[in-house]
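The transmembrane segment feature in TrEMBL is assigned to 29-50, 230-250, 257-275, 313-334, 355-378, 450-477, 598-621, 633-655.
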């Protein structure tokens, strides 16, 4: 295979080429039609889900008859809490299989606040009987004997002090000194049938009845922290936005100085992080309990505990030291390429300065992505709640019909109740036997696939739009006179009018790989308990391969979109041209383009570091001047982490415009070197700084920057 066949033919000089082609035709029409049909199907799935689904199933707890507790406009509107007849049965393994406790569940106005057995209530005062009847089925006849009432499952055998949590009545558990578990200050209970119950057994049953109690407690504390600190978080994000904007403006006028300042500041910020971690590590020396390892400590819901052991700060210090060393080594080895990279960033700064509207384009991308995410989430909720109520037979003694589907309306007159006197027909879960329910999993898969496709399409539209605008800047020989008016709007119009099919094609390829990765992650979760090491190894290899494939496709798509924006060809032709152009300049791509990406990443890292350090000192109360203003929090890392992640996303939004500008100018720069030679007939379009660094010049022309 010849070099021409491997790398394609170099670009030839074209005196009529003045930047992005204006006279172009529609590309990849079949894929455009397929995308429109898929969107119509997506809307149909949404309408079907919204007509069948019921999000109340997520919000409200459900009693044994499948009715919602506390739902407005129903007889149970004033009964918002779910009460379990026998919470101990929730310790059964069936809870994990059926996602339902095999005991009667009732909607009540309030949770019981005292211990009382059915026998004591019947023998006690009228007030006790009325109190107990709140937790029995409707119209229970209290003149019946206690064994009859319990046999028919009309009332619970006992009540115990409970508290409402996630709209469910769970035992009011606590601990005394020495770790003794108590429920309402009692360690043992009479279950109403002459059996003594230990409070520890109640604790285990409570955990099984709601396997996410601990997680929800942490979530509630985190939510409380957000309510206390949301305005400070918002202020931190605004500061991050202002700093990002200042960086962009300074890069416009002082690109070279700012890059070097950015490099030095990143090294200093990470260096300070190492110093701070060392000081914390040293200050904990000799403190009681500070030598406990993270493994010995285990999983704690109070994350501040981890900051009180030396190993945590040692781990932070090692991680920061490794990052610092990597950055310094990269800067040393790439020092000769930094000057050209800085010149490319300067050129990008000028382009952004002349196309200022490009800085606000990410807002459109963000809004479109928000719509896509919202539609996917709402459709997923409606699809997951569009099942019907399924009832099953629950029993205490041996029964041939156990766990079989039943109908609560006819259950008492059926053979099952005659053969199994203690059996009950209780609500188990939501499902269905109709054609719609059988293919519900496929509709969920379609929802996920279209989510990826639409999200990737929105991202691709933004890349093509920005690439077209910046290409218009580069190929304008006299800047800014030759730059067309409203380059962003012109580029967006061309992308939507002519290249919807090409964008859909590239997005489809990427979405297929992403969906395969989701499936592999799902299989990985399912096989975690498996003992087949070969299957685990194979799955890990597949995950790694598809991760690499996704990164490669993203890189190729990005450059293909740039070529589409410039020449208006279809996706495959543009991808091939971009690939061969990069292959013909593989050394510049591997070094120069990646160096600029690295420098822009340092800019994002610096912004996140500055905002993160100040938020850490503020929320941890270490700034004495504003110590009183800092909110009182359960976990002060919650607002800090939120501000850090939000700052990175904001900085990424601003710098992504720069990154797209750099990539576009880089491809244009490579084509400029192939098309032109600097003569009077074929002058270079690049800036004077790039010409000087490359030791080239335009004969008979004076570059206008």
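Note: Cβ is positioned from N, Cα and C throughout, glycine not excepted.
For the transmembrane segment (257-275), the partner stretch with the highest count of Cβ pairs under 8 angstroms, out of 29-50, 230-250, 598-621, 633-655, is 598-621.
Away from its own ends, the transmembrane segment (29-50) comes close to residues 375, 378-379, 382-383, 386, 436, 443, 446-447, 450, 453-454, 457, 500-502, 504-505, 508, 571 of its chain (Cβ-Cβ under 8 Å, at least six residues beyond either end). Tertiary proximity for the transmembrane segment (633-655) is limited to same-chain residues at least six positions away from its ends with a CB under 8 Å from its CB atoms, namely 221-222, 224-226, 228-229, 232-233, 236-237, 240-241, 244-245, 247-248, 302-304, 359, 362, 366, 600, 603-604, 607-608, 611-612, 615-616, 619-621.
Among the listed stretches 313-334, 355-378, 598-621, the one sharing the most Cβ pairs under 8 Å with the transmembrane segment (450-477) is 355-378. Within the chain, the transmembrane segment (355-378) has long-range Cβ neighbours (under 8 A, six or more residues past its boundaries) at 46, 50, 248, 447-448, 450-451, 454-455, 458-459, 461-462, 465-466, 469-470, 473, 483, 486-489, 653-654, 656-657, 661.
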